[in-house]
């Protein structure tokens with residue numbers, strides 16, 4: 001039986017303030033004079049609200065005024081949905097039920113998952129060694145291009161079938177693209193881990209720490225965000241040798257800033273709530289407060305933020321490789337493929353447009369997923 | 001008034017500290033770089049290296065070099081470019097700041113204006129095909145890297161149609177059109193998304209309901225009330241937007257051979273040109289720090305609800 005059923009004679013507790021208010025006035029005018037008497041006794045001006053509160057707490061002052069017949073539990077109507085009738089669904093399940101209807105987001109998620117599966121099975125799927133050069137097969141178009149057969153025949157490669165063609169060193173572009181996608185997706189995972197490990201922790205600590213520590217941590221953030229992150233990354237890459245590890249180290253310096261800010265802001269809000277204040281007063285350790293009270297409440301925002309920061313990380317890697325400080329030669333990433341392809345885009349357009357298309361699909365899937373998740377997880381943003 | 005002074009004063013101090021730290025970190029990072037900044041270093045004999053180091057002051061203790069550098073900066077002297085025939089970095093950059101600023105401003109203006117239009121259209125027609133169309137453009141804008149956009153517009157308008165120059169900076173405004181277009185994609189997408197969410201929020205608020213109840217026409221509500229109130233928070237994203245543009249300009253300027261700061265930076269990275277790299281880093285940081293500061297002040301003025309300044313004591 002829910003709270004609503006205990007209400008007096010069908011008056012739902014929520015309505016008491018309003019409805020009973022009217023009742024009291026009515027009673028007064030009816031000449032019962034109950035209030036007036038009490039008013040005289042207490043020698044205060046009429047305070048209807050206070051009387052109502054009293055009445056609710058103690059029950060009516062004069063039980064005889066309300067017939068006993070009214071004090072029966074309300075019969076539950078058939079169509080009456082109260083909280084107990086609805087099966088309890090966990091937050092995640094509810095989110096999934098709503099996300100299910102967002103066809104675009106689901107499609108994007110499927111594309112993403114397939115991309116991850118395909119890219120990470122690159123060693124199995126790739127038809128050739130991505131770095132193996134074979135100069136006599138340089139710059140061959142994909143074998144299914146209309147004029148491809150002729151070109152393959154000219155250099156005596158009739159029995160070769162390069163699905164996406166070859167680059168200037170005769171390397172198989174499909175293999176390079178598979179390995180390159182794997183690098184880009186690896187970077188996306190690392191960015192996510194960094195965002196959580198550094199960003200969320202920083203935000204939580206800053207939000208729950210003392211004023212002075214918080215101030216200090218905020219100043220540090222301000223200084224780091226004073227430099228455009230690309231510049232920081234480039235400087236770091238100049239100092240360390242280019243390569244995947246350096247890109248990751250460089251990202252560790254800047255990529256968690258926005259996350260830290262968002263988490264801190266939310267933490268401050270939640271910290272001011274009464275139940276958290278109570279926990280603090282009761283001497284709950286800060287770490288426990290962070291994990292038990294704050295984190296569950298900001299999980300949604302963290303997930304949304306995460307989905308938006310991942311594409312940025314992928315972008316960055318391609319940018320770095322594009323300006324020549326990213327991945328180490330001869331390893332392929334989508335960025336290096338784009339850079340190589342860009343140099344010959346006039347002559348062999350496929351060398352740039354194919355990796356470009358793959359990059360766009362990755363970015364698009366992440367963004368669509370992020371949008372879908374935001375609509376589902378953040379009720380305020382729901383369109 | 002006094003609150004304003006303390007607000008601005010403390011922010012200025014903070015900016016100065018930030019800049020000092022940035023300069024320091026960049027300086028020591030630069031000197032930790034592997035390799036020397038000289039051309040053909042393999043051909044240089046030891047004696048020549050010693051002499052070159054002496055000429056550029058690299059033989060002194062690091063701390064002295066640092067102090068000398070700091071002192072120089074205060075006088076507007078950012079050292080000498082090691083790559084471009086010993087020109088002072090300041091002269092080198094002076095000619096390049098113009099094009100970069102022009103491109104950046106044009107892109108910000110074009111991007112935000114179009115973005116605000118798209119976002120407002122989407123929000124006013126929420127969940128219709130107009131909304132879906134505008135939102136799709138915004139998502140595409142976020143998903144397609146600006147250098148891919150650059151190559152696409154370059155191939156279409158410059159190479160196939162021959163309407164606009166392929167690159168360089170020699171045809172006045174005509175040269176700026178394509179790079180601006182490519183560069184404005186990111187701010188456009190950002191602004192559109194931001195305004196859409198902001199405006200949907202505003203459109204469901206009580207005072208809009210009141211306006212509706214009073215019989216105000218929907219277009220009037222959107223333009224007079226919703227748009228105006230959604231524009232204020234846009235100020236807060238302009239800072240990050242500018243940072244994004246700087247990143248973008250590195251590549252865009254290289255693709256279109258624009259003689260700007262970004263192109264200079266890319267070049268100096270590839271040739272270990274210490275002083276130029278440092279100067280560009282400092283320049284970018286200074287611009288960003290300043291824009292963020294200006295936007296904070298502007299926001300304080302524009303939105304009375306967030307006004308920390310002047311709240312107490314009045």
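Start at 1 and count along the chain as shown; that gives each residue its number.
Every residue gets a Cβ built from N, Cα and C, even glycine.
Curation plays no part in TrEMBL annotations; they are all automatic predictions.
Fair warning: this is a prediction, and the values are worked out from it, not measured in the lab.
Sequence annotations record features per position, and here TrEMBL assigns domain 'ABC transmembrane type-1' to A:181-370.
Feature annotation from TrEMBL assigns transmembrane segment to A:105-126 (among others). Residues 99, 172, 174-175, 178-179, 181-182, 184-185, 361-362, 364-369, 371-373, 375 of the same chain lie 6+ residues outside the transmembrane segment (A:105-126) yet bring a C-beta within less than 8 angstroms of a C-beta in it.
Residues annotated as transmembrane segment in TrEMBL: A:183-208 (among others).
The annotation transmembrane segment is assigned in TrEMBL to A:220-238 (among others).
The annotation transmembrane segment is assigned in TrEMBL to A:244-263 (among others).
Residues or ranges marked as transmembrane segment by TrEMBL: A:302-327 (among others).
As annotated by TrEMBL, transmembrane segment applies to A:347-370 (among others).
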Quiz item: Which sequence positions outside the transmembrane segment (A:302-327), separated from its termini by at least 6 residues, show Cβ-Cβ distances below 8 Å to it?
Solution: 183-185, 187-188, 190-192, 195-196, 200, 229-230, 233-234, 237-238, 242-244, 247, 251, 255, 258-259, 262-263, 333-336, 338-339, 342, 359, 362-363, 366-367, 369-370, 373-374, 377-378
Quiz item: What stretch of A:183-208, A:220-238, A:244-263 shows the most Cβ pairs under 8 Å to the transmembrane segment (A:347-370)?
Solution: A:183-208
